[in-house]
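From TrEMBL, for reference:
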DOMAIN    23-294  domain 'NADP-dependent oxidoreductase'
ACT_SITE  Tyr58  active site, proton donor
SITE      Lys88  site 'Lowers pKa of active site Tyr'
BINDING   His121  substrate binding site
Amino acid sequence: MSSTTKLAVPNVVLQSSFSMPVIGFGTASETNDGDTVKAAAIEAIKLGYRHFDTASCYGSEQALGEAIAEALKLGLISSRDQLFITSKLWLSDNHPHLVLPALQKSLQNLGLEYLDLYLVHFPMSAKPEVRKFYHKEDELVPFDLKGVWASMEQCHNLGLTKSIGVSNFSTKKLEDLLSFATIPPAVNQVELNLSWQQKNLREYCKAKGIMVTAYSPLGAGGTSWGSNDVMESELLKDIAHVHGKSIAQVSLRWLYEQGVTFAVKSYNKERMKQNLEIFNFSLTNNDYQKINQIKQERKVKNGPAGFDLADLLWDGEN
């Protein structure tokens with residue numbers, strides 16, 4: 001596809017005063033291949049994606065950085081400032097003295113001078129010497145949220161990231177953070193889709209001016225943590241048929257109508273394009289009545305550890 005097929009994506013303004021595209025392009029994969037990520041990111045830029053979501057633990061920062069450099073070289077974008085880049089602080093670096101070095105390492109991997117958004121990936125810490133995605137319970141250590149957030153604020157004040165935020169934070173953990181934060185989190189990135197709608201958390205974040213970004217917005221089917229509950233829903237299939245849209249488009253449209261942002265991940269060119277084509281229709285009251293009947297179940301139960309994280313991460317909340 002050529003750059004002439006580029007689709008416009010609306011922006012939201014964060015409480016940090018910076019604009020963020022509603023739709024982000026995710027780069028998390030259990031089978032990451034640098035060349036695949038690079039090619040997909042370049043194609044995404046051609047199509048109109050301007051927000052790219054990565055993390056130190058994804059192993060995709062370097063490939064994304066190469067894609068950004070290539071896009072600049074090809075003239076697909078005129079400057080790095082046209083992109084919104086998010087990365088995240090991993091558990092083994094989730095210690096006050098390691099935050100700044102971790103961000104500097106991410107910037108080095110990406111070949112960038114600053115991030116647009118830097119997130120605390122999980123409200124938990126692992127031993128610094130243990131660097132992997134799946135942690136055992138005995139590899140976790142007490143999480144110093146106050147100290148870590150002070151270091152996040154330092155990163156912001158140094159100009160290394162325009163906005164700071166969190167990921168996988170419950171309302172209780174956000175409340176704790178807001179009790180001492182000098183700079184409030186601009187974003188909370190959480191699992192959010194039609195089979196895990198997070199109404200209470202969304203309402204809390206809206207009241208506090210925190211933008212919610214949904215990961216696994218289509219249920220993350222095909223992954224070890226996801227399911228096909230969304231994409232194989234007969235109810236959603238009926239709604240999609242009425243609108244002449246796909247289930248994915250209906251699902252993303254619902255997120256957009258809730259006032260949240262989201263990161264989608266597909267390396268299929270046609271689906272990448274379809275995921276941007278959600279701004280020319282609206283869901284009806286009848287659609288919402290059906291959507292409200294969808295069974296709710298959290299998909300990310302174990303996250304970055306081999307044990308149930310529900311109590312540790314989400315305080316038992318729904």
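Heads up, the Cβ atoms here are built off N, Cα and C, so glycines get one too.
Just tell me what is around each of these and how deep it sits.
If you draw a 10 Å sphere around the CB of Tyr58 (active site, proton donor), it holds 22 other CB atoms from the protein chains shown.
Under 8 Å, Cβ to Cβ, and six or more positions away along its own chain, Lys88 (site 'Lowers pKa of active site Tyr') finds Thr54, Ala55, Ser56, Cys57, Tyr118, Leu119, Val120, His121, Ser167.
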Looking only at the domain 'NADP-dependent oxidoreductase' (23-294), report the model's average pLDDT.
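Overall, the domain 'NADP-dependent oxidoreductase' (23-294) comes to a mean pLDDT of 93.
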Taking the Cβ of His121 (substrate binding site) as the centre, how many other Cβ atoms fall within a 10 Å radius?
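Other Cβ atoms within 10 Å of His121 (substrate binding site): 23.
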